[in-house]
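See structure below.
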Amino acid sequence: MASNSSSCPTPGGGHLNGYPVPPYAFFFPPMLGGLSPPGALTTLQHQLPVSGYSTPSPATIETQSSSSEEIVPSPPSPPPLPRIYKPCFVCQDKSSGYHYGVSACEGCKGFFRRSIQKNMVYTCHRDKNCIINKVTRNRCQYCRLQKCFEVGMSKESVRNDRNKKKKEAPKPECSESYTLTPEVGELIEKVRKAHQETFPALCQLGKYTTNNSSEQRVSLDIDLWDKFSELSTKCIIKTVEFAKQLPGFTTLTIADQITLLKAACLDILILRICTRYTPEQDTMTFSEGLTLNRTQMHKAGFGPLTDLVFAFANQLLPLEMDDAETGLLSAICLICGDRQDLEQPDRVDMLQEPLLEALKVYVRKRRPSRPHMFPKMLMKITDLRSISAKGAERVITLKMEIPGSMPPLIQEMLENSEGLDTLSGQPGGGGRDGGGLAPPPGSCSPSLSPSSNRSSPATHSP
């Protein structure tokens with residue numbers, strides 16, 4: 001046993017457990033630190049051979065590192081260069097960044113997002129090849145949207161962005177309360193009064209029907225058409241009166257007032273008549289109490305538009321809208337800054353904002369347990385525009401069915417920047433070559449102008 005003990009190499013002999021110590025002795029202290037007590041580790045480090053290399057202590061490394069930093073300071077980071085984007089790919093305006101896959105300005109970004117989210121359907125009234133630039137981008141929404149697609153804007157990016165915001169947005173509190181401020185309350189009452197004075201409720205009308213009881217959807221009934229066109233003219237006049245009572249509307253330029261009325265008149269007429277729908281009899285009641293069923297409305301001139309109007313009326317029933325809500329929704333349809341050829345679209349948007357706020361507060365205060373009713377109402381505006389576009393197309397075929405000319409006020413209402421340019425030059429039409437009713441820019445329309453002194457006939461309100 002003694003001989004075995006004496007034959008073991010000692011630390012001072014340059015070997016450890018029979019193996020030569022490598023020259024890189026500083027690899028071992030970390031590993032040995034967990035196996036040997038601190039005192040033994042220090043003794044062992046002093047006994048290990050150096051072999052040309054010294055083992056720096058942690059304190060030495062730290063001192064060298066800190067002194068090195070003091071001698072050679074790191075250079076300061078240069079300031080980031082401002083990002084310069086290419087002009088907007090759609091209209092060549094100044095770009096605010098990359099939106100939905102391309103460099104775009106704020107205007108085109110917002111237009112594309114709204115168009116996709118609301119599934120907007122636009123129509124080009126020229127050759128579907130309009131020039132889109134900073135000046136002309138608001139003149140043709142159809143060609144502007146097509147240009148967005150052509151330059152690479154992505155529908156999926158809009159949807160993904162919307163879904164991302166939905167996930168990130170906190171869930172609204174159902175107990176959120178909405179208080180009607182005096183200003184909002186006054187605005188609501190003004191709009192309610194304007195609506196009621198130009199559109200009496202169904203209960204105020206004495207219903208009457210026609211003698212035509214045929215249930216076959218055949219050709220146009222001329223007698224029904226004559227009566228319906230007469231009532232429609234009165235409805236248009238009442239719509240103009242409604243617009244003149246809306247706060248701020250008459251402060252707009254005359255040209256913008258006419259543009260808004262022509263663009264939204266059919267929307268408002270359809271919304272109004274659909275609030276007079278009676279589901280039990282499947283009938284609609286017009287001004288003076290004229291009540292028609294589906295077949296009679298088809299013969300009166302609605303034609304293939306009939307089922308669309310009745311379907312929309314059925315969709316309104318669950319909303320249970322009162323006069324204030326119908327009036328506010330009509331006002332929002334009318335005062336809308338995205339209509340074509342407006343001189344001051346930003347000012348129109350400013351007038352629309354308090355109407356939107358008033359409708360939101362009123363709807364949520366009236367239905368505190370149904371927070372989604374307000375957006376549902378706003379979505380009906382998109383449906384109205386779609387039906388109105390088809391209604392304008394219906395006029396083209398209707399002109400070939402009626403024996404005489406189209407009533408002037410109805411034709412003028414539909415001959416607008418978003419309606420029927422194709423009526424120009426037709427018999428009885430208001431085209432450029434036919435002494436049209438539409439006024440030139442800056443002039444006042446003799447019939448649709450809100451500043452006109454023309455008053456409605458002394459008949460029942462529509």
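Keep in mind that glycine also has a Cβ here, set from the backbone N, Cα and C atoms.
Annotated features, as they stand in Swiss-Prot:
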REGION    1-87  region 'Modulating'
ZN_FING   88-108  zinc finger
ZN_FING   124-148  zinc finger
CROSSLNK  K166  SUMO cross-link
CROSSLNK  K171  SUMO cross-link
DOMAIN    183-417  domain 'NR LBD'
MOTIF     254-258  motif 'UBR5-degron'
CROSSLNK  K399  SUMO cross-link
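Note on the zinc finger (88-108): residues 132-134, 137, 144, 147-148, 151-154, 157-158, 161 of its chain, located 6 or more positions outside it, place their CB under 8 angstroms from a CB of the stretch. Of all Cβ atoms in the shown protein chains, 18 besides its own fall within 10 Å of the Cβ of K399 (SUMO cross-link). Counting residue by residue with DSSP, the zinc finger (88-108) contains 3 helix, 6 strand, 12 coil. According to DSSP, the zinc finger (124-148) comprises 8 helix, 0 strand, 17 coil.
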